[in-house]
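Student: Here's a structure for you.
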Amino acid sequence: MNNAAATSLTNLAQNLRQTDIRAVANRYAAQLQLCCPHSPTSFPFARTIHAHMIASGFNPHGHILNRLMDVYCKSSYLVYARHLFDEIPQPDVVSRTTLIAAYASAGDPRLAREIFDRTPLSIRDSVCYNAMITGYSHNNDGHAAIVLFREMRWNGFQPDNFTFTSVLGALALVADHERHCQQLHSQVVKSGTGDKTSVLNALTSVYVKCASSPSASSSLLMGAARKLFEETPVKDELSWTTIITGYVRNDDLDAAHQVFIGMREKLVVAWNAMISGYVQKGCVSEAFEMFRKMHGLGIKHDEFTYTSVLSACADTGLFHHGKQVHAYILRTEEKPTLDFTLSVSNALISLYWKCGKVDEARKIFEKMPIKDIVSRNAILSAYVGSGRVTEARSFFSEMPGRNLLTWTVMISGCAHYGLAEEGLKLFSQMRSHGLEPMANALVAIMVEVPKKWLPICLKSLLARKEMGSPGGEDLAPWDAQGLSAHEEKIFVAVRVRPLNEREIAKNDELDWECINNNTILFKNGLAERSMFPTAYTFDRVFGCDCSTEQVYEEGAKKVALSAVSGIN
C-alpha cells in the first residue's frame, strides 16, 4: 500500500463520525477501485481496507462487499473470499456468481456447484448459470455443463452468446455424432446469437472436434465447419486457427494450407497452427520451411512457434537443428517474458534429454527463473529414461508438487528397471493421494510383476468356457500360466462381452478398482491390445466373496464368468 492510500485511510478514520454514511461508503469504494486484482499489492491493500472497516465500525453492504470479494477471488485468496461470503446475511447474486466463477477457475467445480445450488431460483440470472456452465466446461466436464444448460432452459432463462460459447465448448468435449452438432446449431440459430463471432467460433470448433470421432463422417462435418467459417462476418484469430487446426486433425494438410494461403494478413497464430500441424503429422521439413519463411518475412516468432519446432527436433532426434534454434533464441530474444521463458525452457529440456544430453537439460532447468510441474516432470522423465534411477528417486522425493504424470513416470520406471516392490508402494501411495492410474502405468506393472502382485487383472483372469457368450461364441481364456494358487481365494464374478473395433478405438484407457491392498480388478476399459489376443470389456462387478452359482440364474442371457486367484 502506498503512502497516499495510507494517508487517505487515516483521514477517512478521523472524519468517519462526522461524515454522511453514503459518503463514507463511496470513499471505501474508491479505495477498493485502486486494487488491481492481478497486482501482488492488491490483496494486502484490500485486507487493510477490510480491517479498517471492521475497526471503525463501518458495516459495508452491496457493491463494497462485492468489490472486496472480487479482489480476494482474483488474487486467488479464496479462503478469505469464502469467509467474507459466509458472513453476509443474504448474499446477492453478484457475490454468489463471483464465488462460483472463482471456485471453477481454481479447478473446484464441486464447491462452485455447492454455491450455485444454494442460490435461490428467484435470484438466479443468466450470468449465474453462465459462470457454472463455464466452470464445468473449463474443468472438462462436458456432460454436467450440457445437463445444466438444459436445466437453465427448463427454468425459463434465456441463453445469451456467452452461454452458447460455454456450452458449445462443453459439447466439443463429448460430441461424437453429427446430430449432436446439428441440435445445438439449431438452438443457436433460433436464439439470434448466430451472428456473434465467439459463438460461431465455438460452433465451428464443435464440428471440427466431432469430425475426428470414429463414429462420425469427417468430410461431412468438416464441410459444415468450413461453411460456418466462411459465413462468419468478422473473423478473428480463433476463427482462422480453429479451421486450420480442424483440417490438420483430420489429416487434410492440403486444405489447411489452402485456408492459410487465403489469409490476407497471415497472423502469427495461423503460422503456428500450420507449423504445429506439420509437426504432429511428422512433416518436419515442411515445419522448418514455414519457420524459415516467417523469419524471411520479418514475422516475429513467439513461444508457440519455438516450442513446436523444438518438439519436432526432440521427437526426430535432430539435435543439431534444435541446438541451432536454441542459439537463435538466445541471439534474438533479449528480454523474454516469464511465460515465454517457461514454455521455451520446458521444450529445450525435452530436446536435450531426448537427445541424450541429460546433464545439459538439468543445467537449463537450474537456470530457469520459474519452474512448473511440466519442467519437473521433464527432468524426472530424463533421469528415468536414461536409467539414472538413483537421481530420479532423489528428484522425485524433492518435488514440491506431483501430478498423475509424475507418478506414472516413476512407477513405470520402477517396473522397467525391476524395482517391483518400490513400484507397487508408489502405486499404493498414488491412490492415497486420490489419483487414478494411467493405462501405461498399469500395463507396466502387469508386464513386470504379474506373479506376485496382480492376483486379479486382465492377464490373470481364469475364464471358464462352460458358459458361452450371448452370441453363442466361446470366450478364449486368458493366459494364466505361472499363477500360484493359495488357500485364501478371492472370487469375483463379471459379465463379459467382446468389443467391436469402434469401441476399441473409443476406449483407450483403463478404469480400475482396488479391492484390497493386494488385488486389482480392471473394468470398463482396455489394456494395450498387443498384450492380449482379444479385447473384452467388463460391464459389471458383482463383488468379492461370490461364486459363479450365486450370480448365475437359469436362462440368463448374460454371460457370467468367475475369476479365481489370490495371495496371502
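Start at 1 and count along the chain as shown; that gives each residue its number.
Glycine is treated like the rest: Cβ placed from N, Cα and C.
TrEMBL labels come from automatic prediction, so no person has curated them.
Annotation source TrEMBL lists domain 'Kinesin motor' at 489-568. If you look up TrEMBL, you'll see 125-159, 236-266, 267-301, 302-336, 341-375, 403-437 marked as repeat 'PPR'.
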Student: Need one number: mean pLDDT over the repeat 'PPR' (125-159).
Tutor: 91
Student: Going along the chain, which residues at least six beyond the ends of the repeat 'PPR' (302-336) come within the CB cut-off of under 8 Å?
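Tutor: For the repeat 'PPR' (302-336), the far contacts come to 268-269, 271-272, 275-276, 278-279, 282, 284, 287-288, 291, 294, 343-344, 346-348, 350-351, 354-355, 357.
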Student: Taking a Cβ cut-off under 8 Å, which residues six or more beyond the ends of the repeat 'PPR' (125-159) line up next to it in the same chain?
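Tutor: Residues 93, 96-97, 100-101, 103-105, 107, 109, 112-113, 116, 119, 166-167, 169-174, 187, 191, 193 contact the repeat 'PPR' (125-159) from elsewhere in the chain.
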Student: Where else in the chain does the repeat 'PPR' (341-375) make close Cβ contacts, counting only residues six or more beyond its ends and a cut-off under 8 Å?
Tutor: 303-304, 306-307, 310-311, 313-315, 317, 319, 322, 326, 329, 381-383, 385-386, 388, 401-403, 406
Student: For the repeat 'PPR' (267-301), how many residues does DSSP put in helix, in strand and in coil?
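Tutor: Reading the DSSP string over the repeat 'PPR' (267-301) gives 26 helix, 0 strand, 9 coil.
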